[in-house]
Amino acid sequence: SVQDFSKAMSQAGSSQFQEVIRQELEYSMKVELDKILATAHSNEIEHTKKDLEGFKKLFHRFLQEKGPSVDWGKIQRPPEDSIQPYEKIKARGLPDNIASVLNKLVVVKLNGGLGTSMGCKGPKSLIGVRNENTFLDLTVQQIEHLNKSYNTDVPLVLMNSFNTDDDTKKILQKYSHSRVKIYTFNQSRYPRINKETLLPIAKDVSYSGENTECWYPPGHGDIYASFYNSGLLDNLIAEGKEYIFVSNIDNLGATVDLYILNHLMNPPNGKRCEFVMEVTNKTRADVKGGTLTQYENKLRLVEIAQVPKAHVDEFKSVSKFKIFNTNNLWIALSAIKRLQEKNAIDMEIIVNPKTLDGGLNVIQLETAVGAAIKSFENSLGINVPRSRFLPVKTTSDLLLVMSNLYSLNAGSLTMSEKREFPTVPLVKLGSSFTKVQDYLRRFESIPDMLELDHLTVSGDVTFGKNVSLKGTVIIIANHGDRIDIPAGALLENKIVSGNLRILDH
């Protein structure tokens, strides 16, 4: 009928129209990026060009994609054998020649982040975590301990961003005599886009002074391209390295695990995995973490941002999706090289909206390293103990790792044997504790927390020396009031409120 025909025409018209708009946006973007590139000095043209090429690809895909990137109906639970329990992998034991296996490994730490969320300037990895040791110190100590114990040469590679590179390189001199070779490479530097015009806000290539807000590092999914482009990937392959173990530098649980490494190098069925993702069981605190699913016959990481609104509650449910991604990943170097050369690494785009200090709304396009799992052959999830996931994102996390709940041995934190429950207490420190320097000022010494289950602190509260906290402790200073917990106090199942009355919980 005429109506059907005109309806079909208008639909065709709208998709054609969208295509024209897409092409115009892409053309305008290209013009702007060429202008930016023209401002580069001769010594920065090469890598700026690479960065902007990578950005153009990402922008092209951003314009093509519509809405959440997963079709919810296709999501299935992963098949039984695609996520192995860690116990099963550990039960295989270790071969005699563990040193030769270790010599095939490279440890990569994602070191692009700043300590801003914890009120610190500079790289997050330089925040003191335990007895004056920073995240970076602990990482170097762990690998040095491995190399000494097994007489091996496991190198450390730091993926920096333009935000962290200078400060990190300055500090690396302090490890020049340690038994760890340390390499760095930089994440790409991409231009932030004006949300309204979809054009870059940068006018030239510089990223200092007032231009710092014009650029961003595009998420850790950028590791594949930037590792490859840096030339370091090829050098390590030439040295006989076969696997990288990648993790966030602020995850203190992400130490080299010999059982997982052995499983990769000597697979029980003779077929090597190109990609292993460590997952762990969700608790109430982890409902937003990305989860592994089966999707079109491949393991696939699904993040909350990709889930259609109607299914978010189902995604968060602990019963249907029991595990989440720790971002501890083991990846074959040869596979990265092959896929990077074929431009075959497919990662969903994360659109991250930001509002700049002046009120301008921008978006930055990012990708996540784990999302590439579906591009690799023979991928595997390993369900590891919670102890391998110990991220320090807030001062509440910092309090846990500084306390006597953990003991430090050769750069590795392990939960104290004196703690009867294997679970970590739930700690919520209020906004007076958000910044590291405020937090440190409020504790004369870190309380004894061996028997703590739950701690909530709100308002202007300080702790004297040698305080003990047990069971559930809630301390709430009302607005304008201040509570000082006296030195040597023992609080067991107590609620302490505005005027320092200590009540039984």
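Placed from the backbone N, Cα and C atoms, the Cβ positions cover glycine too.
For reference, TrEMBL has these:
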BINDING   K124, Q187, G219, D250, K393  UTP binding site
BINDING   H220  substrate binding site
Cα-Cα, whole number of Å: K124 (UTP binding site) versus the residue listed as 'substrate binding site'?
15
Roughly how many Å separate the Cα of H220 (substrate binding site) from that of Q187 (UTP binding site), to the nearest whole number?
8
Looking only at Cβ atoms, how many others are within 10 Å of the one on D250 (UTP binding site)?
22
Fewest neighbouring Cβ atoms within 10 Å: which of the binding-site residues K124, H220, K393?
K393
Across the record's UTP-binding residues K124, Q187, G219, D250, K393, the largest CA-CA distance in angstrom?
21
Taking 10 A as the limit, how many CB atoms besides its own sit near the CB of Q187 (UTP binding site)?
28
